[in-house]
Amino acid sequence: MEIPIKCSVIIVGAGISGIMAAKVLAENGVDDVLILEAADRIGGRIRKEDFGGVTVELGAGWIAGVGGKQPNPVWELARHSDLRTCLSDYSNARYNIYDHSGKIFPSGVAAQSYQKAVESAIQKLRKQESSPDVDASLLAETASAPKTPIELAIDFILHDFEMAEVEPISTYVDFGDREFLVADERGYEHLLYKMAETFLFTTEDGEISDSRLKLNKVVRELQHSRNGVSVKTEDGSVFDAHYVILSVSIGVLQSHLISFLPPLPRWKTEAISNCDIMVYTKVFLKFPHKFWPCGPEKEFFVYAHERRGYYTFWQHMENAYPGSNILVVTLTNGESKRIEAQSDQETLAEAMEVLRNMFGHDIPDAMDILVPRWWNNRFQRGSYSNYPIYTNHQLVGDIKAPVGRIFFTGEHTSEKFSGYVHGGYLSGIDTTKALLEEMRRGKEWKNESQTFRIEPLIALSGSIQQDAVSNLHKFDIPRQLFLHTSNLGAPKAIL
Ligand SMILES: Cc1cc2nc3c(=O)[nH]c(=O)nc-3n(C[C@H](O)[C@H](O)[C@H](O)COP(=O)(O)OP(=O)(O)OC[C@H]3O[C@@H](n4cnc5c(N)ncnc54)[C@H](O)[C@@H]3O)c2cc1C
């Protein structure tokens with residue numbers, strides 16, 4: 001039985017935003033914190049696994065936004081750790097769209113279909129702009145809807161990965177438009193361990209041994225009042241704090257895993273339920289040998305099927321890990337949920353049928369398959385937040401706004417960079433800065449043995465990206481293929 005001791009701040013969740021929040025608190029002299037993490041590891045949606053002899057990333061795989069005028073903080077961390085990465089050039093996918101009989105569509109046909117998809121997306125955007133309250137799926141039906149397999153494939157790529165991000169695309173504008181795939185056996189999560197070791201006790205082999213981090217603590221209730229917050233976990237423990245930083249995903253907030261006493265106000269619950277969640281699944285397949293084309297401009301390829309999003313987007317891992325003989329296929333939303341609900345053997349059979357359509361019947365069976373289940377993971381309930389295209393600033397503002405002594409952080413609270421790792425990182429700073437200001441006003445931060453240090457806070461504020469522009473982006477897959485509209489003008493990227 002844990003004896004409740006009131007600490008300054010409890011951070012719920014040890015993903016990148018929660019770890020960053022704890023780091024900023026420590027840098028500002030607040031180190032009587034507790035980090036309660038439901039899983040048996042830190043990292044959240046940054047998660048590696050050994051598969052087929054290499055390290056694969058089940059969650060975030062890319063560092064997006066590199067090469068621009070400002071350094072992406074996550075890219076800076078990666079550079080300092082010498083994280084191994086590979087540049088991804090999605091634009092090559094345009095040359096590699098296969099039909100069901102294994103023929104590659106001529107580039108002229110692909111370009112025409114792409115143009116049609118772009119026009120339909122622009123139409124849809126215009127309609128959405130003029131009637132933002134109308135359901136986007138209804139608008140899609142009125143636009144010239146994609147019908148043929150190639151149109152459906154391109155539409156899937158445009159909408160499910162980029163969602164017609166409206167310029168300016170903050171990640172590209174601020175940090176650059178290059179994207180690097182993490183291919184390092186230490187995993188993307190290595191960056192979190194490096195951050196954690198600056199303020200948590202860590203063993204020589206990199207394990208966190210600090211009692212302020214408590215794993216396997218599933219928070220189920222936050223009882224809050226003017227005096228503080230009492231946090232109850234599934235195993236019956238109770239922890240008390242002056243403040244809580246809640247970094248769980250928007251999916252978890254929507255799922256009611258955590259109850260609030262008193263309940264959250266209506267403006268908050270409405271904002272939470274108005275944010276969409278994207279489910280994004282990378283399925284990994286290991287083969288005895290390669291049978292797909294390799295070499296320049298062959299890393300990404302597309303399968304055009306009459307069912308939208310059916311094993312559409314493929315990547316081989318030869319650039320990341322030569323000789324690994326691994327393919328990755330990405331599914332989203334409905335298809336993700338569908339395969340999460342079936343056995344991996346069924347998914348394997350479906351994927352093999354698609355591959356045989358593309359590459360012939362003589363290809364070998366996959367020796368192994370890995371299917372992450374982000375939707376059914378009760379500590380995630382989806383992959384990342386997906387704001388409506390014409391997000392009003394109020395929505396993100398309400399999602400981010402504290403309720404009494406509960407402060408909210410995580411990628412979904414970042415208006416400029418939601419959905420990205422750097423969005424989580426910067427939101428951790430942003431939220432903690434707001435909390436420190438509140439603590440300074442309320443004086444809870446003062447404790448005999450500590451002196452509040454104002455300098456780091458001031459220093460931080462210069463680097464914090466103030467979220468100003470709403471945008472939608474979805475990544476990993478072919479950004480260069482995607483629709484970039486400038487005030488709904490001519491698309492910039494043409495297949
Ligand atoms: C498949 C996939 C692909 C992605 N690809 C990319 C990419 O290529 N590039 C990119 O930049 N971003 C990508 N992202 C998004 C990126 O991973 C996230 O934006 C970022 O990691 C979110 O960090 P976070 O701290 O906000 O949330 P999380 O990482 O989700 O951290 C929240 C933590 O809270 C914990 N938690 C939940 N409920 C409780 C509870 N009740 N009690 C205690 N703890 C709890 C969770 O276990 C988790 O550790 C991807 C995500 C997914 C899933």
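Cβ atoms are placed via backbone N, Cα and C, with glycine included.
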*Report the candidate from VAL219, VAL229, VAL231 that shares the FAD site with SER17, GLU37, ALA38, as recorded in TrEMBL.*
VAL219
*If you count other Cβ atoms within 10 Å of each one's Cβ, which of the binding-site residues SER17, GLU37, ALA38, VAL219 has the most?*
SER17
_CB-centroid shell, 8 A cutoff, FAD site SER17, GLU37, ALA38, VAL219, site residues removed_ = ILE11, VAL12, GLY13, ALA14, GLY15, GLY18, ILE35, LEU36, ALA39, GLY44, LYS217, SER247, VAL248, PHE379
_Integer average pLDDT (0 to 100) for the domain 'Amine oxidase' (16-434)_ = 92
_Quick check: in three-state DSSP terms, what is SER17 (FAD binding site)?_
helix
